[in-house]
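Undergrad: The transmembrane segment annotation in TrEMBL covers 21-41. What TrEMBL lists as Cu cation Z2 binding site is H124, H173. Annotation comment: TrEMBL describes H125, H422 as Cu cation Z3 binding site. Feature annotation from TrEMBL assigns Cu cation Z1 binding site to H316, H371. Summarising the annotation, TrEMBL assigns Cu cation Z4 binding site to H483. Residues or ranges marked as domain 'Cytochrome oxidase subunit II copper A binding' by TrEMBL: 528-627. Positions annotated as region 'COX2-like' by TrEMBL: 531-627. If you look up TrEMBL, you'll see H572, C607, C611, M618 marked as Cu cation A1 binding site. What TrEMBL records for C607, W609, C611, H615 is Cu cation A2 binding site.
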Amino acid sequence: MSEDKKKELQSLSRRHFLRNTGVAGVAGAGLAGGFGSAALLQSQRAKAASEGNGVEIAPGELDEYYGFWSGGHSGEVRILGVPSMRELMRIPVFNIDSATGWGISNESKRILGDSARFLAGDAHHPHISMTDGRYDGKYLFINDKANTRVARIRLDVMKTDKITTIPNVQAIHGLRLQKVPHTKYVFANAELPIPQVNDGRDMETPENYYTMFNAIDAETMEVAWQVIVDGNLDNTDADYTGRFVASTCYNSEKGVTLAETMRNERDWAVVFDVEAIEKAVEAGDYKTIGDSKVPVVDGRDGSKLTRYIPVPKNPHGLNTSPDGKYFIANGKLSPTCSVIAIDKLPDVFADKIEPRDAVIAEPELGLGPLHTTFDGRGNAYTTLFIDSQVAKWNIEDAIRSYNGEEVNYLRQKLDVHYQPGHNHASLTESRDADGKWLVVLSKFSKDRFLPVGPLRPENDQLIDISGEEMKLIHDGPTYAEPHDCILVRADQINPSKLWKRDDPFFAETVAMAKKDGVTLESDNKVIRDGNKVRVYMTSVAPQFGLEKFTVKQGDEVTVVVTNLDQVEDLTHGFCMVNHGAQMEIGPQQTASVTFTADKPGVYWYYCNWFCHAMHMEMSGRMLVEPA
Ligand code: RUQ
Ligand code: CUA
Ligand code: CA
């Protein structure tokens with residue numbers, strides 16, 4: 001047997017094994033099926049590997065795109081440069097972060113609010129605010145499925161600045177933004193139906209449970225309204241008219257077990273008429289639930305506010321094409337995607353046509369379609385979880401095929417490694433979709449990297465889609481879980497280099513200093529207020545403004561540090577040894593941390609962000625007098 005043949009056979013049996021593990025991963029038995037033309041795929045893979053696309057980002061060169069990655073159940077957001085796939089920064093959101101003091105500093109705790117007591121989160125869907133269907137670089141929004149929250153990140157300072165817990169529902173999953181005229185609303189799907197009111201009554205009557213679709217005001221981050229739906233809600237996207245938003249529902253059965261949720265051949269995509277909902281709320285046509293003041297409208301089947309479009313089967317991703325023409329629902333347990341014509345939706349709402357008549361194509365793509373993304377040239381790219389592939393297909397050809405013409409809409413299938421969830425093409429959620437890069441977030445890396453114990457990294461793969469053929473360029477091992485990402489042109493983001501002294505991020509701390517008669521930019525002072533002690537100090541590399549301060553055992557101590565350095569990239573840290581207190585203080589930032597001085601003695605504090613040749617010496621002492 002030739003070497004080549006041997007390799008091919010080995011590779012085939014490996015893929016066979018992987019395919020079967022993928023099937024087990026999705027829903028147990030009953031899903032095994034089509035093997036596809038593996039030999040053909042192999043040759044495609046070999047070809048992709050042998051041809052480079054000539055792109056190289058040399059050391060010191062900057063990337064063309066920012067990528068914002070959700071960190072899944074690690075709760076954070078990560079910033080990558082694309083195409084180099086270098087990790088540039090992490091933004092803690094729903095997690096606790098030792099380096100920056102997120103969840104530890106007073107400023108971050110204020111932003112975390114009531115939910116500061118949670119140490120965990122599950123960040124899924126990062127999306128950038130838009131004006132007229134284009135990224136405006138102002139905010140990034142992201143959901144927390146674990147604790148039913150929505151967070152906002154300011155893209156000037158790259159910090160989380162608001163977190164809202166959504167009332168009356170459980171598990172915010174799908175999240176997308178209004179695209180036009182601008183991002184007034186953040187749309188958020190609550191996935192899991194619950195009893196209403198959820199206070200211990202009626203727990204075993206799932207047929208009475210419901211969940212809601214939520215609109216959050218993007219500026220105030222308050223919930224504007226909620227819409228009761230049938231079934232449940234998975235993913236969502238908005239259109240380019242500002243009127244419609246669609247969400248997939250995989251549980252039309254209202255099942256509470258896996259088997260029950262797979263019973264129906266079709267579930268649906270529910271379409272929301274945002275303008276009609278706004279009118280209903282304005283007219284006072286709503287109720288409220290429990291203590292919450294949020295207007296709740298009824299969007300269950302038969303309501304004027306929604307329409308339910310039947311699509312097969314346990315659909316998952318819902319993606320709007322960048323030309324504004326289609327919502328695409330990804331079939332998951334059906335090998336198809338359903339193409340919904342947005343220009344037919346006014347007729348659906350006017351009852352001139354049946355909801356199902358808005359489906360104008362249902363191409364068969366392969367096993368386990370999860371998410372679709374677009375190149376702005378009429379092609380769609382759908383991840384096939386079970387097949388471990390991305391299918392490239394042409395939307396207009398799929399429509400022609402649905403209408404009976406003999407035309408092949410499939411352009412290419414590319415192997416990815418392995419079991420992809422989301423994929424995302426550059427600028428795909430905006431009018432500017434430019435069809436250059438495709439990131440595929442593969443849930444398993446299996447044999448692609450050195451083994452690192454039972455827990456393996458996942459695999460972010462970068463694919464060049466600028467030509468006719470998709471070409472795999474890069475494997476990027478990532479820590480759990482790179483759930484989803486968004487790629488935006490570097491010039492669409494405008495990050496600050498220094499903090500502004502009047503930044504709202506630490507305005508409350510500045511106000512506290514003012515009350516204490518302290519000028520943060522110059523004073524180093526200890527203020528006693530009963531058993532509360534506030535210690536104000538400056539930092540200029542390599543020195544804190546105070547070399548020591550004295551408190552009494554049992555005091556609640558708040559240390560406020562103002563970094564006076566005006567130099568870009570000169571961040572200090574503050575760490576109080578043996579007190580669990582540490583934080584970042586960026587150039588021109590004020591940050592504070594509060595702890596109890598519960599043991600008498602000498603405790604050193606030191607700077608923990610490397611700032612100077614004498615960084616090790618940047619320290620001081622807290623003297624705690626015995627009570
Ligand atoms: S959903 S793997 Cu949380 Cu983004 Cu589709
Ligand atoms: Cu200041 Cu290190
Ligand atoms: Ca179902």
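Any Cβ shown, glycine's included, is placed from N, Cα and C.
Note that TrEMBL annotation is computational and uncurated.
Here the structure is a predicted model, which means the values were calculated and not measured.
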Undergrad: Pop the Cα-Cα gap between H125 (Cu cation Z3 binding site) and H173 (Cu cation Z2 binding site) into the table, whole Å please.
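TA: So the Cα of H125 (Cu cation Z3 binding site) lies 8 Å away from that of H173 (Cu cation Z2 binding site).
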Undergrad: What is the set of residues, excluding H572, C607, C611, M618, whose C-beta falls within 8 angstroms of the centroid of the C-beta atoms at the Cu cation A1 site?
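TA: Other same-chain residues near the Cu cation A1 site: S539, A541, P542, F544, G573, Y606, N608, W609, F610, H612, H615.
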Undergrad: So what pLDDT does the region 'COX2-like' (531-627) average out to?
TA: 98
Undergrad: Quick one: which residues besides C607, W609, C611, H615 have a Cβ within 8 Å of the Cu cation A2 site's Cβ centroid, in sequence order?
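TA: Those within range, site residues removed, are A541, P542, T571, H572, G573, N608, F610, H612, M618.
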Undergrad: I'd like the number of other C-beta atoms within 10 A of the C-beta of M618 (Cu cation A1 binding site), please.
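TA: Around the Cβ of M618 (Cu cation A1 binding site), 23 other Cβ atoms lie within 10 Å.
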Undergrad: Within the domain 'Cytochrome oxidase subunit II copper A binding' (528-627), count helix residues (DSSP H, G, I), strand residues (E, B) and coil residues, in that order.
TA: 3 helix, 56 strand, 41 coil
Undergrad: Within 10 Å of C607 (Cu cation A1 binding site), Cα to Cα, which of the binding-site residues H124, H125, H316, H371, H483, H615 are there?
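TA: Checking each Cα against C607 (Cu cation A1 binding site), the hits are H615.
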Undergrad: Which of the binding-site residues listed here (H125, H422, C611) have a Cα atom within 10 Å of the Cα of H371 (Cu cation Z1 binding site)?
TA: H422
Undergrad: List the residues of the same chain that sit at least 6 positions away from H422 (Cu cation Z3 binding site) in sequence and have their Cβ under 8 Å from its Cβ, in sequence order, or write 'none'.
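TA: In sequence order, G317, L370, H371, T383, V440, L441, H483, D484, C485 meet the Cβ cut-off.
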Undergrad: Listed binding-site residues are H124, H572, C611, H615; which sit with C-beta under 6 angstroms of ligand 1?
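TA: The ones that qualify, in sequence order, are H124.
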Undergrad: Which residues in the same chain, at least 6 apart in sequence, have a Cβ under 8 Å from the Cβ of H572 (Cu cation A1 binding site)?
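TA: When sequence neighbours closer than 6 are ignored, H572 (Cu cation A1 binding site) has S539, A541, V561, N563, D565, E584, I585, C607, W609, C611, M618 within Cβ distance under 8 Å.
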Undergrad: Can you check what DSSP calls H173 (Cu cation Z2 binding site), collapsed to helix, strand or coil?
TA: strand
Undergrad: Using a Cβ-Cβ cut-off under 8 angstroms and a sequence gap of six or more, which residues of the chain neighbour H124 (Cu cation Z2 binding site)?
TA: S70, G72, I142, N143, K145, H173, L175, H483, D484
Undergrad: Would you please pick out, from the binding-site residues H371, H615, the one with the fewest other Cβ atoms within 10 Å of its Cβ?
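TA: Comparing Cβ neighbour counts within 10 Å for the binding-site residues H371, H615 gives H615.
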